[in-house]
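As structure tokens, the structure follows; a few thoughts come after it.
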Amino acid sequence: MIKVNENYLKLQGSYLFSQIGKKVKEYEEENPNRQVIRLGIGDVTQPIAPAIIEALHKSVDEMGNKETFHGYAPDLGYEFLRNTIVENDFQKRGCDIYADEIFVSDGAKCDCSNIQEIFSQDNKIAVCDPVYPVYVDSNVMAGRTGEYNALTGTFSGVVYMPCTLENDFCPELPKEALDIIYLCYPNNPTGSTLTREQLQVWVDYANRVGAVIIYDAAYEAYISENHVPHSIYECKGARTCAIEMHSFSKNAGFTGMRLGYTVVPKDLKSEEGVALHSLWARRHGTKYNGAPYIVQRAGEAVYSPAGQSQIKSQVAYYMKNARVISEGLKSAGYTVTGGVNAPYIWMKTPNGMTSWKFFDALLERANVVGTPGAGFGPSGEEYFRLTAFGTYESTVEALDRIKKL
Ligand SMILES: *Cc1c(COP(=O)(O)O)cnc(C)c1O
């Protein structure tokens, strides 16, 4: 008889968004004439910008031509894309990162879940709480997380760093020496950010104790304030302690196209002196065959002048929704954060209501769907997430309904 990987049996609950989907479907079946507005999931709604579509058409035609056809992509990605990325996302910002340190992939979710493979089973991980569930679950699958405690909703082998209103969503430095620290800023789900100085404290800590920071910069394009860093490599010393993930999903609407990249600086070494870059290159070469040529050309077009101006107006569209949500909730008396440098608004539930109770109340009384904070970790309890990825019209309508409650 075959046996399964027993680590998978430790995974908790059904996936948050399938739970939400089920509840919404049941409600809609029972109330067919109510129009439900979804401000729950983090998927974009605006179509791919014209400059990117043009690049796609052009590269599709190249694939049909004997002279310009492309087979397997190079392991790390095409140079035209890696050079464009380095110039625009790093060198223009004064970050010391080079094209051969960029690994192009089909998205940040795979990269931030796969990266743990190159680390020892004994490494101790820390995550912000609330957390993007992928960081914990990928380590559960790898058997690095110890036992689950149903009472606290946490794994014994994971350090959960509370991020709440009390600490302005900036985790405190741990007392113990950790090995792998996941940070995501601008944050999903809280929409919060760190200043350059706050992030520098983490970089200094990681260099001091020999830890690696896995920095998820998926929402970098939503940053509007100057004191918020776009990359961890804006901090001094990050080349020896940080790996960074980027995605084309949220800045350019590539959730259905699939493109991202990971930065592993060559100065980043393990205790044994092994360069993590060489391990990730090996992993990439063995288990991955590259993002499609046409999608990498589309990614290149994101950085063209036309592409930049078009995606900037998409981001502006979503951030206008974020203001509608944030200002609407505040005027209705709620405590609200986020929504300034991120498309997520994080609110406190009223009167200490549990986040699932608030989910039900909002669905039943306003026909609006959001995401219960408890789904992102114990410190998410009594919080609730709304996203700015809807249409402007439905966002305005949703807030009108919430204000009438
Ligand atoms: C959306 C998102 C990503 C991006 O995932 P892709 O696989 O690139 O679509 C990564 N991290 C976080 C926190 C996200 O919310």
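Placed from the backbone N, Cα and C atoms, the Cβ positions cover glycine too.
Under a cutoff of 8 A between CB atoms, and with a sequence separation of 6+ in the same chain, the neighbours of Arg385 (substrate binding site) are Gly40, Pro189, Thr190, Tyr344, Ile345, Trp346, Met347, Gly370, Thr371, Gly373, Phe376. The substrate binding site annotation in TrEMBL covers Tyr15, Gly42, Lys109, Tyr132, Asn188, Asn289, Arg385.
For 35-402, the entry in TrEMBL reads domain 'Aminotransferase class I/classII large'.
The Cβ neighbour count for Tyr72 (pyridoxal 5'-phosphate binding site), using a 10 Å radius and every protein chain shown, is 8. Under the heading pyridoxal 5'-phosphate binding site, TrEMBL lists Tyr72, Ala108, Lys109, Tyr132, Asn188, Tyr219, Ser247, Phe248, Ser249, Arg258, Asn289.
Neighbour density for Lys250 (N6-(pyridoxal phosphate)lysine): within 10 A of its CB lie 26 other CB atoms from the protein chains shown. TrEMBL lists Lys250 with the feature N6-(pyridoxal phosphate)lysine.
The binding residues for substrate are recorded as Tyr15, Gly42, Lys109, Tyr132, Asn188, Asn289, Arg385; their greatest pairwise CA distance is 36 Å. Taking a C-beta cut-off of under 8 angstroms and a sequence separation of 6 or more, Tyr15 (substrate binding site) has the following same-chain neighbours: Pro133. Those residues noted as binding pyridoxal 5'-phosphate (Tyr72, Ala108, Lys109, Tyr132, Asn188, Tyr219, Ser247, Phe248, Ser249, Arg258, Asn289) have their most widely separated CA atoms at a distance of 34 Å. Lys109, Asn188 are the binding-site residues among Tyr15, Lys109, Asn188, Arg385 whose C-beta comes within less than 6 Å of an atom of ligand 1, given in sequence order. Tyr132 (substrate binding site) carries neither a helix nor a strand DSSP state and counts as coil.
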